[in-house]
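K.L.:
First, the structure itself, so that you have it in front of you.
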Amino acid sequence: MTKQVGIIMGSQSDLPVMAEAAKFLEEIGIAFELTVVSAHRTPERLVEYARSARSRGIQVIIAGAGGAAHLPGMVASMTSLPVIGVPVKSSNSIDGWDSILSILQMPGGIPVATVALNGAKNAGILAASILGAHDQELGARLDAYKATLAETVLKSAEEIETKGWKAALRK
Ligand code: RP5
(Lines of atoms letter the chains of each structure in order from A and count residues from 1; the text may use other names and numbers.)
(Lines give C-alpha, C1' and ligand atoms only; values in the text may rest on other atoms or scores of the structure.)
Protein backbone atom coordinates (compact mmCIF):
# COMPACT_ATOMS: atom_id res chain seq x y z
CA MET A 1 0.00 0.00 0.00
CA THR A 2 1.56 3.32 -1.06
CA LYS A 3 2.08 5.64 1.84
CA GLN A 4 0.08 8.77 1.10
CA VAL A 5 0.93 10.91 4.12
CA GLY A 6 4.34 11.70 5.59
CA ILE A 7 4.40 12.56 9.29
CA ILE A 8 7.67 14.10 10.41
CA MET A 9 8.76 15.77 13.62
CA GLY A 10 11.82 17.59 14.85
CA SER A 11 12.54 15.23 17.73
CA GLN A 12 11.37 11.98 19.28
CA SER A 13 10.22 14.16 22.17
CA ASP A 14 7.45 15.41 19.83
CA LEU A 15 6.09 11.88 19.35
CA PRO A 16 3.50 11.86 22.18
CA VAL A 17 1.84 14.84 20.48
CA MET A 18 2.36 13.73 16.86
CA ALA A 19 1.07 10.21 17.58
CA GLU A 20 -2.46 11.70 17.55
CA ALA A 21 -2.13 12.33 13.79
CA ALA A 22 -0.91 8.77 13.26
CA LYS A 23 -3.78 7.34 15.33
CA PHE A 24 -6.38 9.19 13.28
CA LEU A 25 -4.86 8.16 9.94
CA GLU A 26 -4.74 4.54 11.11
CA GLU A 27 -8.38 4.75 12.24
CA ILE A 28 -9.56 6.19 8.91
CA GLY A 29 -7.46 3.73 6.86
CA ILE A 30 -4.77 5.91 5.28
CA ALA A 31 -1.26 4.53 4.89
CA PHE A 32 1.43 6.83 6.23
CA GLU A 33 5.09 6.96 7.16
CA LEU A 34 6.36 8.51 10.38
CA THR A 35 9.89 9.58 11.22
CA VAL A 36 12.11 12.22 12.80
CA VAL A 37 13.68 14.93 10.63
CA SER A 38 15.38 17.80 12.43
CA ALA A 39 15.68 21.09 10.55
CA HIS A 40 18.58 22.18 12.72
CA ARG A 41 20.33 18.92 13.62
CA THR A 42 19.94 17.07 10.30
CA PRO A 43 19.56 19.76 7.61
CA GLU A 44 20.69 17.46 4.76
CA ARG A 45 18.10 14.85 5.79
CA LEU A 46 15.47 17.60 5.70
CA VAL A 47 16.40 18.52 2.11
CA GLU A 48 16.43 14.84 1.06
CA TYR A 49 13.04 14.20 2.71
CA ALA A 50 11.31 17.23 1.21
CA ARG A 51 12.75 16.74 -2.28
CA SER A 52 11.94 13.02 -2.49
CA ALA A 53 8.48 13.04 -0.88
CA ARG A 54 6.41 13.46 -4.06
CA SER A 55 8.33 10.87 -6.06
CA ARG A 56 7.85 8.38 -3.22
CA GLY A 57 4.07 8.77 -3.49
CA ILE A 58 3.51 11.07 -0.53
CA GLN A 59 0.64 13.49 -1.17
CA VAL A 60 0.45 15.45 2.08
CA ILE A 61 3.13 16.17 4.69
CA ILE A 62 2.37 16.75 8.37
CA ALA A 63 5.33 18.36 10.12
CA GLY A 64 5.49 19.03 13.85
CA ALA A 65 8.11 20.94 15.80
CA GLY A 66 8.50 23.05 18.91
CA GLY A 67 10.35 26.17 20.00
CA ALA A 68 12.22 27.64 17.01
CA ALA A 69 10.01 25.44 14.85
CA HIS A 70 11.51 25.75 11.38
CA LEU A 71 10.79 22.24 10.11
CA PRO A 72 7.32 22.77 8.55
CA GLY A 73 8.28 26.01 6.79
CA MET A 74 11.56 24.66 5.46
CA VAL A 75 9.85 21.53 4.14
CA ALA A 76 7.20 23.71 2.48
CA SER A 77 9.96 25.75 0.83
CA MET A 78 11.27 22.61 -0.93
CA THR A 79 8.09 20.87 -2.10
CA SER A 80 4.81 21.82 -3.75
CA LEU A 81 2.96 19.18 -1.72
CA PRO A 82 0.57 20.59 0.90
CA VAL A 83 2.33 20.92 4.27
CA ILE A 84 0.36 20.94 7.53
CA GLY A 85 2.29 22.37 10.46
CA VAL A 86 1.77 21.28 14.06
CA PRO A 87 3.20 23.66 16.67
CA VAL A 88 4.38 21.56 19.60
CA LYS A 89 4.68 22.87 23.14
CA SER A 90 8.10 21.35 23.79
CA SER A 91 10.76 21.51 26.50
CA ASN A 92 12.41 24.44 24.71
CA SER A 93 9.15 26.36 24.15
CA ILE A 94 8.68 29.49 26.21
CA ASP A 95 4.91 29.15 26.30
CA GLY A 96 3.98 27.61 22.95
CA TRP A 97 3.50 30.93 21.15
CA ASP A 98 7.09 30.65 19.89
CA SER A 99 6.22 27.34 18.18
CA ILE A 100 2.93 28.71 16.79
CA LEU A 101 4.39 31.89 15.35
CA SER A 102 7.46 30.13 13.91
CA ILE A 103 5.11 27.91 11.87
CA LEU A 104 2.22 30.29 11.21
CA GLN A 105 3.90 33.48 10.05
CA MET A 106 5.20 32.24 6.70
CA PRO A 107 6.17 34.67 3.94
CA GLY A 108 3.97 35.03 0.85
CA GLY A 109 4.30 32.14 -1.59
CA ILE A 110 5.20 29.42 0.93
CA PRO A 111 2.08 28.49 2.92
CA VAL A 112 1.96 26.10 5.84
CA ALA A 113 -1.54 25.09 6.97
CA THR A 114 -1.04 25.60 10.70
CA VAL A 115 -3.22 23.81 13.25
CA ALA A 116 -3.59 24.62 16.96
CA LEU A 117 -0.86 24.11 19.54
CA ASN A 118 -0.42 20.32 19.93
CA GLY A 119 -3.25 19.95 17.38
CA ALA A 120 -1.86 16.84 15.68
CA LYS A 121 -5.24 15.08 15.55
CA ASN A 122 -6.67 17.94 13.49
CA ALA A 123 -3.59 17.74 11.26
CA GLY A 124 -4.45 14.09 10.61
CA ILE A 125 -8.07 14.98 9.88
CA LEU A 126 -7.02 17.82 7.56
CA ALA A 127 -4.60 15.54 5.68
CA ALA A 128 -7.40 13.00 5.26
CA SER A 129 -9.76 15.75 4.04
CA ILE A 130 -7.24 16.86 1.41
CA LEU A 131 -6.95 13.27 0.15
CA GLY A 132 -10.72 12.79 0.48
CA ALA A 133 -11.45 15.68 -1.89
CA HIS A 134 -10.67 13.31 -4.80
CA ASP A 135 -11.47 9.99 -3.17
CA GLN A 136 -15.21 9.32 -2.76
CA GLU A 137 -14.77 6.30 -0.45
CA LEU A 138 -12.48 8.18 1.88
CA GLY A 139 -14.84 11.17 1.73
CA ALA A 140 -17.68 8.90 2.89
CA ARG A 141 -15.55 7.60 5.80
CA LEU A 142 -14.80 11.19 6.82
CA ASP A 143 -18.51 12.07 6.65
CA ALA A 144 -19.22 9.07 8.91
CA TYR A 145 -16.53 10.24 11.35
CA LYS A 146 -18.07 13.73 11.48
CA ALA A 147 -21.49 12.20 12.08
CA THR A 148 -20.10 10.44 15.20
CA LEU A 149 -18.97 13.84 16.53
CA ALA A 150 -22.47 15.22 16.10
CA GLU A 151 -23.99 12.12 17.79
CA THR A 152 -21.70 12.57 20.82
CA VAL A 153 -22.81 16.19 21.24
CA LEU A 154 -26.49 15.28 20.90
CA LYS A 155 -26.12 12.46 23.47
CA SER A 156 -24.50 14.90 25.91
CA ALA A 157 -27.27 17.44 25.36
CA GLU A 158 -29.93 14.78 25.94
CA GLU A 159 -28.25 13.52 29.11
CA ILE A 160 -27.93 17.02 30.57
CA GLU A 161 -31.50 17.92 29.62
CA THR A 162 -33.05 14.72 31.00
CA LYS A 163 -30.95 14.20 34.15
CA GLY A 164 -30.37 17.88 34.88
CA TRP A 165 -27.00 19.58 34.94
CA LYS A 166 -26.11 18.64 38.54
CA ALA A 167 -26.52 14.88 37.94
CA ALA A 168 -24.63 15.15 34.65
CA LEU A 169 -21.80 16.94 36.45
CA ARG A 170 -21.42 14.11 38.99
CA LYS A 171 -20.88 11.47 36.25
C1 RP5 B 1 12.51 21.08 18.26
O2 RP5 B 1 13.06 21.20 19.52
C3 RP5 B 1 11.86 19.75 18.28
O4 RP5 B 1 10.81 19.70 17.34
C5 RP5 B 1 11.34 19.62 19.68
O6 RP5 B 1 10.00 20.10 19.78
C7 RP5 B 1 12.25 20.56 20.45
C8 RP5 B 1 13.05 19.88 21.53
O9 RP5 B 1 13.81 18.84 20.98
P10 RP5 B 1 14.64 17.88 21.94
O11 RP5 B 1 15.69 18.73 22.60
O12 RP5 B 1 13.66 17.29 22.90
O13 RP5 B 1 15.23 16.84 21.03
O14 RP5 B 1 13.44 21.18 17.26
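All positions are counted from 1 along the displayed chain.
Just so you know, glycine gets a Cβ as well, placed from its N, Cα and C.
According to TrEMBL:
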BINDING   SER11, ASP14, ARG41  substrate binding site
DOMAIN    3-153  domain 'PurE'
K.L.:
Taking only the residues in the domain 'PurE' (3-153), give me the average pLDDT of this model.
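P.N.:
A mean pLDDT of 98 is what the predicted model shows over the domain 'PurE' (3-153).
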K.L.:
Excluding SER11, ASP14, ARG41, please set out which residues of the same chain place their CB within 8 Å of the center of the CB atoms of the substrate site, keeping sequence order.
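P.N.:
Surrounding the site, in chain order, are MET9, GLY10, GLN12, SER13, VAL36, SER38, ALA65.
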K.L.:
Counting across all protein chains present, how many other Cβ atoms fall within 10 Å of the Cβ of ARG41 (substrate binding site)?
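P.N.:
Step by step: centre on the Cβ of ARG41 (substrate binding site), count other Cβ atoms within 10 Å, giving 11.
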K.L.:
Can you check what DSSP calls ASP14 (substrate binding site), collapsed to helix, strand or coil?
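P.N.:
In the DSSP reduction, ASP14 (substrate binding site) maps to helix.
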K.L.:
For the binding-site residues listed here (SER11, ASP14), which one has the lowest count of neighbouring CB atoms within 10 Å of its own CB?
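P.N.:
With the binding-site residues SER11, ASP14, fewest surrounding Cβ atoms within 10 Å: SER11.
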